Amino acid sequence: MTAKIIDGKVIAADLRARVADEVARVKREHNLVPGLAVVLVGNDPASEVYVRSKGTQTQAAGMASFEHKLPADVSQADLLAVVAKLNRDPAVHGILVQLPLPKGLNTEAVINAIDPAKDVDGLHPNNAGRLAGGFEALSPCTPLGSIILTKSVHPSLEGLNAIVIGRSNLVGRPLVQLLLNENATVTIAHSRSRDLPGLVKRADLVYAAVGKPEMVRGDWLKPGATVIDIGISRIPKEDGKTRLVGDVAYQEALGVAGAITPVPGGVGQMTVACLLVNTLRAACAIAGLPKPAV
């Protein structure tokens with residue numbers, strides 16, 4: 001058996017196209033142009049590339065894109081002032097502060113300062129709490145993308161056994177809540193979990209989000225399981241160069257899993273696409289319009 005490859009590039013492109021169609025509709029019917037503001041502190045090269053990608057994809061979807069670049073030595077007060085200004089700006093419906101922030105800045109205070117209605121990263125305590133309570137909320141983009149990828153294989157997750165390996169606030173915890181909302185039966189595992197291979201072996205759905213290269217081995221998997229690899233790490237190759245890998249030993253898993261996301265080309269493709277979804281949903285909610293069809 002060779003696993004089906006879940007192509008994140010194709011699924012993300014389809015999602016972006018559907019977002020663009022909905023953006024055009026709300027613009028035509030309601031004169032509403034969703035706007036996304038991204039705040040970048042410092043000049044980390046990887047973050048700059050990511051922010052540029054967000055801006056390009058935002059504009060390609062027909063949305064307004066606003067970028068605010070601040071120096072690495074910006075004060076906490078000045079950063080919070082930028083967030084407050086964006087909270088008040090009626091042209092901005094989504095605010096994303098690129099993380100991680102430089103040392104000396106209080107990340108929690110910055111996240112808490114974002115208007116929950118514009119919190120398209122889904123990290124504000126109001127949104128995290130609503131998600132945990134099973135209420136409508138803006139959800140973090142990577143978990144949301146992971147669910148969409150899973151549903152490309154299993155349109156209904158009801159009754160399926162899922163394991164989430166990793167308990168971060170950004171991925172693991174919100175992913176558990178999204179799975180519960182889909183009526184899956186969820187186990188959350190972490191570095192202190194006993195018999196992790198045994199826990200994984202029972203799961204129909206495996207989500208690996210620990211940031212440990214190729215930690216999940218092929219013989220851990222239940223035959224036919226769907227594997228969503230959320231981790232990404234760069235490891236050395238024999239020729240002295242490096243390569244990107246996920247948290248799952250991909251070649252081993254191919255012969256056991258029923259379906260699997262590659263790294264790269266899987267979950268990472270979905271993150272920005274889901275950011276566009278959240279921005280569109282936020283814009284419609286703020287304007288008092290029905291939830292868009294994405």
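Heads up, the Cβ atoms here are built off N, Cα and C, so glycines get one too.
Under the three-state DSSP scheme, I232 (NADP(+) binding site) falls in the coil class. The annotation NADP(+) binding site is assigned in Swiss-Prot to G166, R167, S168, S191, I232 on the grounds of sequence analysis.
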Rank the binding-site residues G166, R167, S168, S191, I232 by the number of other Cβ atoms within 10 Å of each Cβ and report the first-ranked residue.
G166
